[in-house]
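To start, I am sharing the structure in question, which I have written as C-alpha cells.
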C-alpha cells in the first residue's frame, strides 16, 4: 500500500513539473493571451518566412497548427476546443461545413486583394459568390509515370492505362471518387454522374484494368513511386510535383479525356476569436508577391493571377500544372452528391477492390 | 456481513468498467446498426450484409485469419518448446516480446522497404540465384507480416503452459516405454492444449478484423471485414452499415470463444 501511494505521488509530482514547464514554454513564445492568430493548415503547406513577414508587418503572433485529413480538421473544429482563426479545407468539405454551420461569412470589404484571384476560380459551385471561402491552391488528378521504366512509352489519356504492356505497373490512389471518376472519365461521362447504369459501366470497365493494377494505396504511394516500385501512379497534382522533385525521371500528365479540378480554400471557422486578424491574414496571403513566393515554395498551382507575373517563367508555362484553357474546360469540380450517391460510389469501389486478378 | 460489504465496495470499479466500456459500446453498436444511411429506422443493413459482396468478404476474413493463426501456431509451438529448454528462458522470451513494443505502423512501413522491388528481400533472392520477385502486395507478404506481428501473442501462452508442465510426467512416459513422439502426442500436447487454445483466440480474433495492414502490405488486394468497417465509418459515414458489420464480427467472436473455450478443464 505504501509503495502504491509513493508511486501515485511520484506520478502527480512529475505531472505538475511538466505542466509548469509547458506553461513557461508557451509564455516565452507568447502563446498565451495577446494579439495572436491560430492558422490551421495542411502540413508543409506554407512558406515559413511568409509567416515571419506577416508577423513583422502586422504585429500579430501566428500559431501554425497542421492537420493531415479534412475529416480530422472538421472534427477538431466541431469540438471547438481550440480557437482556430483560419483553416484551409478542400472544396468538398466546404459544402459540408457550410451545411453544419461551421463557417462564418467573409467580409469582402476587408479583402481588397481578392481582385488578384483569377475570375475562373471565383464563384464555384461549392461556394457560390465566395461567401465563405477563398481559393488557396488548386490542382488536378492525373497520372504520374516513369517513361524510363516504360521504354519511353508516352501516356496521354486514361484509356492508355488499359494497354496490356502495363501489366502490374499501376498504383491507384485509395479514394472512391478518384478511382470511379477515372472509370467515368475514360467512358467520357461526367465525374459527378449519379446514373447507376453509368456508374456500373465504369466499375465494369475498371474491373478489366485489374491485371495492370499493382496496388491501391494511400499516402505511401509517394514513397513507392519515388523508389520506382511501380512505373505509374494515379494521384493529385500536388503530390505529383512532390514525387517529381524526389525522382527527376518522373513525369505528370492531365489525361486528355478530362479529370478532376480540386481546390484548397481559406475559410474562417466558427471557432474564430480574432476576426480582424483572420481577414488581415487572408488578405495578406492574396497579395501578389506573397502568393508568388508561397507558390514557389509549396509548388502547387496558384489561383492568384497577379502572382504569376512574379513567378519564374518555367513554372508558369508548365502545362502539366497550369494546363491550357482547352484542357481546363474539361476539368470538373466534385459536387457534393449527397450521402446516398457517395455511398453508391464507395460500394462500387469496395466491390472493385474485391475483384481478384 | 462486514466481509460482504467490502466485496461490494471493491467490485464497483469492475462493474463500472463493464457497464461503460463493454456493455454500453456493444449496445450502441447494436443501436446504430438499426438505422439506414439517411437515419431512418430499418433493417436494411442486415439485409445488405447477406449480399455476395459482404459474404465473400466474411469468407475472405475467415480464410486469412485462419491462415495467420495456423502459421503462427506452426512456428510458435516449436519456438516456445525450445525456449523452455534454454538456460536463460526469461531473457530469450523478453527478446521475442521486445519487437511488439514498437509501433505497428512503423513496422509495417519497414516492411514496405524490405519487401520492395529494390529491398533487402529481393537482393537476397538475387544473390542466391532465384532472381527478383514481386513480394509486396501479395498474399504471402500479407500473411508473413501478420504472423510476424501476432506471433508473440501465440508464443506467450504456449510458453507458460509448457513451463508449468511437471517434468516428472515426461520421465514417467519415458519409463513406461513411450517414444519421444508418443510422449509429445499423448502427454505434452494435451497438457498444453489450454495454452494453444488461448493463443489461437488471441491471434484469430484480432486477425479477423485487421485493417491497416490490408492497405499497407497487401495494397488493398485483401479486403477484410475490418477494412469495410473503417470505410463505412470514416469515408462513407454510413455508421449503420459499419455497425452492422461490427455486430456480425461480435457474434463471430462469441462463437469462436464458445467453441475454443467449451471443454475447458473438462476431465
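The chain as shown is numbered from 1 upward.
For all residues, glycine too, the Cβ spot is worked out from N, Cα and C.
Unlike curated records, TrEMBL annotations are generated automatically.
Quantities reported herein were computed from a predicted structural model and do not represent experimental measurements.
Residues annotated as transmembrane segment in TrEMBL: B:12-34, B:62-84, B:91-120, B:140-162, B:202-219, B:239-262. As annotated by TrEMBL, domain 'ABC transmembrane type-1' applies to B:58-260.
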Check the transmembrane segment (B:91-120) against the transmembrane segment (B:202-219) for contact, please; criterion is three or more CB pairs under 8 Å, pairs 6 or more apart in sequence.
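Between the transmembrane segment (B:91-120) and the transmembrane segment (B:202-219), contact is present.
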Which one of these stretches, B:12-34, B:62-84, B:202-219, has the most C-beta pairs shorter than 8 Å to the transmembrane segment (B:239-262)?
B:12-34
Grab the same-chain neighbours of the transmembrane segment (B:12-34) for me: Cβ-Cβ under 8 Å, and only residues 6 or more beyond its ends, written as numbers and ranges.
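Result: 41-43, 45-46, 239-240, 242-244, 246-247, 250.
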Could you pull out which residues elsewhere in the chain have a CB under 8 Å from any CB of the transmembrane segment (B:62-84), counting only those six or more residues past its ends?
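For the transmembrane segment (B:62-84), the nonlocal Cβ contacts are 92-93, 96, 142-143, 146-147, 150-151, 154-155, 158-159, 162-163, 165, 196, 199-200, 203-204, 207-208, 210, 222, 224, 252.
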